[in-house]
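S.K.: Dumping what TrEMBL says about this protein:
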type     : residues                          : note
ACT_SITE : 94                                : active site, proton acceptor
ACT_SITE : 334                               : active site, S-methylcysteine intermediate
BINDING  : 114, 118, 121                     : [4Fe-4S] cluster binding site
BINDING  : 160, 161, 192, 215, 216, 217, 291 : S-adenosyl-L-methionine binding site
DOMAIN   : 100-329                           : domain 'Radical SAM core'
Ligand code: SAH
């Protein structure tokens, strides 16, 4: 039996090689690549510019991963749509489509579940099931575009730790930015990581000017370790050093995400420490109100608490802004839709 390979994560070069073995002419590779990445076709039967025989041959050795929309949630407050997607093997992921300032941004998942174990995060509660294939990540994006409209930005901030799925993330970026196909600019992509130091260096060395967001959330290792198991391995000092290297290499300003938990990480000592860490650096601090989940006892951070913290950081010369909340009437932050569905 032939093990079929995914087709939508192949470069033109790789397609040329496969097509050569099938006896197809070389130009067919580019043609099929365009069908997949410009016309967003994910079905051989719709490639009517190929003969029936060619389509049959392709279908025998290659396949498109399919993603089904299990549920769609539309916000009544803004144009946000949240999705539960079902993969070929029945696993479930989440994605979000957001529209503001005439720009379309999507938030996508990189894994089914997550093994990072942050105790305020719903995505990690049942551990990691598996990583997404590059071809599944690509289909996730094209499905959102087919359902809505073309996107301007991708943030990899859904379920999963993208840098724990490095090779597939690298591959999806390579394909989606190919100027013969979808031609998205690297700058339109943001990767959010819990702070896997070695992988931050590796990402920097790819030489792409993609944006990096780092889930810092705590200014002290001791506090960070209480909430984020990865902090035992990766110290804040080393994360910041890796991020400085990233900035040097890519010239993209690092965004540090900071989920504000009232009474825990918005104290004077935290502000002092953040000032020490970042004063004079060209960075951005993205303040996020805690979204309560069942398994974490703290409540939603009030907007006046967010405002006060933001002002105090600004007074210290730090560039901090509060993340705009999209679709807040839909069961919000990452992993919650999936968990609720499973329940
Ligand atoms: N694993 C990556 C990306 C997925 S999480 C990372 O850690 O960055 C996306 C962001 O949502 C992270 O900053 C994460 O810490 C944050 N987050 C998780 N649970 C949250 C919650 N309950 N409330 C607010 N933000 C949360």
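The backbone N, Cα and C atoms fix where each Cβ goes, glycine too.
A TrEMBL annotation is a machine prediction, not a hand-curated record.
I'm curious about the neighbourhood of these features; can you describe it?
M.R.: If you draw a 10 Å sphere around the CB of residue 94 (active site, proton acceptor), it holds 28 other CB atoms from the protein chains shown.
In the three-state DSSP assignment, the secondary structure recorded for residue 121 ([4Fe-4S] cluster binding site) is coil.
Residue 217 (S-adenosyl-L-methionine binding site) is surrounded by 24 other CB atoms, counting those within 10 A of its CB over all protein chains shown. Residue 217 (S-adenosyl-L-methionine binding site) falls outside any helix or strand according to DSSP and counts as coil.
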S.K.: Could you tell me which of the binding-site residues 161, 192, 215, 216 have their C-beta within a distance under 6 angstroms of some atom of ligand 1?
M.R.: 161, 192, 215
S.K.: Apart from 114, 118, 121, which residues in this chain have a Cβ no more than 8 Å from the mean position of the Cβ atoms of those residues at the [4Fe-4S] cluster site?
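M.R.: For the [4Fe-4S] cluster site the neighbour list reads 116, 117, 119, 120, 122, 123, 124, 161, 194, 335.
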S.K.: I'm checking region-level scores; what's the whole-number mean pLDDT for the domain 'Radical SAM core' (100-329)?
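M.R.: Computed over the domain 'Radical SAM core' (100-329), the mean pLDDT is 96 on the 0 to 100 scale.
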S.K.: Cβ distance under 8 Å to residue 160 (S-adenosyl-L-methionine binding site), same chain, sequence separation 6 or more: which residues?
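M.R.: Listed in sequence order, they are 109, 110, 111, 112, 113, 114, 123, 128, 131, 132.
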